[in-house]
Structures are given as C-alpha cells and as structure tokens.
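Undergrad: My questions all concern the structure below.
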Amino acid sequence: MASTKEKLIAHVSKEQPAGPTNKVTVVGVGMVGMAAAVSILLKDLTDELALVDVMEDKLKGEAMDLQHGSLFLKTHKIVADKDYSVTANSKVVVVTAGARQQEGESRLNLVQRNVNIFKFIIPNIIKYSPNCILLVVSNPVDILTYVAWKLSGLPRNRVIGSGTNLDSARFRYLMGEKLGIHPSSCHGWVVGEHGDSSVPVWSGVNVAGVSLQALNPDLGTDKDKEDWKSVHKMVVDSAYEVIKLKGYTSWAIGMSVADLCESILKNMHKCHPVSTLVKGMHGVNEEVFLSVPCILGNNGLTDVVHMTLKPEEEKQLVKSAETLWGVQKELTL
C-alpha cells in the first residue's frame, strides 16, 4: 500500500546525491559558539551547519532549537553530534570551544587549559575536513591560533584567528559615539594582540578620508585635551565590563565571526584585522600570531596589507609579540 508521501509526490527524476558546497562547522555550543552559529544562519552563508560539543544534552538541545526555526532560515540542513564525522567536508570550521574567561581574568591566563582542549579538537577537525579553513575564536586567540597552526599542519593562509576584528569594531563604535557618526563611516584599526596589549593605529584614524590626527596632532596621546586615548581604554576594558555585567561576551563576537565567514565563503577579498603569522613584519622576530590588516577570500587569508606605523605604534606591536612569545615558549604542545 502506498504511503502518504508516495501518494503526494510523483518522482520525475532520481536525485543525484551532492555534498555541501559551503558547509560551516562550529565547534563549541557555548554562548560564543551559538551566537556565531545564529549570526552565520541569519546571513544565509551556508548550505549546511554542523555543531560539535562534548556536552551531548546541551548540543542536542541547541541543535533542536535551531532546527525548529528552519522555516525562517535558508540553511536547509543543521546537524549536530559529539562525533567529529558530522563535520566532514566543511569549508570553514569555527573553533569556539574552550574554558570560559572568568571575571577579571586576563586572556593569557586561559592559555594552557585551552591548549589541552585543542590537542583533541584540531586533529579531529583535520581528519574529516583536511581542506578546511580554520577560524579560531577561543581565547587567548592569538596564542591558540598559533597552537592550531602547529597541531593542524595546515598552511598559514588556512589558519586564521578572529583577532582584533572585534576590537576594531568596538573602536569604531566608540569613535562614532564620540563624533555622532555611524561606525561604518568611522575608520580606524586596532592591531596586535586581541586584548590587553592591543595597539590603536591613531595615525590612520579618519572620517571620509580626513585624518583626525591632522586636525588634532595630540590625538591618542597623554597631551590630548579631548582624551581620545580613553576610547582605546574602553575597547580594552569593554570585554571585562560585559563579563562583569552579564557573565560572558557573545553577540558582538558572534557577529564578528559571521563577518569573517562571509568574506571567506563569498570570496569578497575584504580587508579585516585578523590574527596571522607576523614573523618578519614590523620588527617582530618571534613566531607569533598577531592581528594586522589581511585580505580574506576563498583560499583563506590571501594577502597582508603593509601598514604604515609610527615608531611608537611599531614599538607597541613588538612589545605585544614579546608578551605572547613569553607565554608561547612555555607551552606543552
């Protein structure tokens, strides 16, 4: 006897099974992972989303919750499992898993705890998606991007840290608040470490091509009567402030991740401040990952933009590198 489905549908041709073309995996279904997953779904970036976590009940619950919203999405397949085989053939793998940053804890304090987690995660990702682009979000992101690069064996263009993409977004938002202008019209870059020793490039801050430093030569210095330096201080303090108020950060970093995924999956050749290997650049001699302006496309990180930094900015960048290297060289990989 024919089933309801057979009575309803008349097959015209046999469907040829085809794999996903823009599959994205998110490893870790905590607050950041789910904010990233939702942001990716709402941007219609992927034809298949895979979620992975060791906490099976939470993983299943988050996946079901997203699947129940399928009517409102254009991603037709959302899958989840603690087994990494579910991630097979991913174009981009977003790694958010790791120990959560506690109130008042620096990102660098998190490091060895998360390195040990990465020793399990990264080989499993590569086993099932050897051609993927790794986007590392877990903190401390610059060191863990280096760790992912070492553990994965992937070329440097395919291991990217979310870096200061969010720091720069925070900077532009706060700059816009000070000027009464939308952040998209406020241009400024925060480079270096994602976190406490990040470097604001005051020499490049502009609106409509008008350099703010040309209008205010003391911009960003202690002599500045308008105290623009406090804008960067607020960028550095903002994560700690949000954690203090709500216990974690999630939405802004989730949107930042989706922004980076869009540039990769749509081959946009867009410039982002993301974490990459900077040895040999700007006086950095150590094998460290720091954020500099990079072009992102289908092959991952395709180019690095040569910034013109003032001596004091370059000095800060080198100091950032030395801070990270001091921690990195002690790691057990």
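Glycine too: its Cβ is placed from the backbone N, Cα and C atoms.
The NAD(+) binding site feature in Swiss-Prot is assigned to 30-58, Arg100, Asn139; the stated evidence is similarity to another entry. As annotated by Swiss-Prot, substrate binding site applies to Arg107, Asn139, Arg170, Thr249. Annotation comment: Swiss-Prot describes His194 as active site, proton acceptor, evidence class similarity to another entry.
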Undergrad: CB neighbours of Val38 (NAD(+) binding site) within 10 A?
TA: 22
Undergrad: In three-state terms from DSSP, label Thr46 (NAD(+) binding site) for me.
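TA: Thr46 (NAD(+) binding site) sits in coil per DSSP, no helix or strand.
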Undergrad: Of Asn139, Arg170, His194, which is closest to Gly30 (NAD(+) binding site) if I measure between C-alpha atoms? They're all recorded positions.
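TA: Of the recorded positions Asn139, Arg170, His194, Asn139 has its Cα closest to that of Gly30 (NAD(+) binding site).
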Undergrad: By a simple count, how many Cβ atoms lie within 10 Å of the Cβ of Arg170 (substrate binding site), its own Cβ left out?
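TA: Result for Arg170 (substrate binding site): 21 neighbouring Cβ atoms inside 10 Å.
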Undergrad: Among all the protein chains here, how many other CB atoms are within 10 A of the CB of His194 (active site, proton acceptor)?
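TA: Looking across every protein chain shown, the total is 31.
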Undergrad: Tell me which of the binding-site residues Thr46, Asn139, Thr249 sits in the most Cβ-dense spot, judged by other Cβ atoms within 10 Å.
TA: Asn139
Undergrad: Run through Asn139, Arg170, Thr249 for me and report the binding-site residues whose CA is within 10 Å of the CA of Val38 (NAD(+) binding site), in sequence order.
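TA: So the list is empty; none.
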Undergrad: If I take the alpha carbons of Lys58 (NAD(+) binding site) and the residue listed as 'active site, proton acceptor', what is the distance between them in whole Å?
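TA: Per the Cα atoms, Lys58 (NAD(+) binding site) and the residue listed as 'active site, proton acceptor' stand 29 Å apart.
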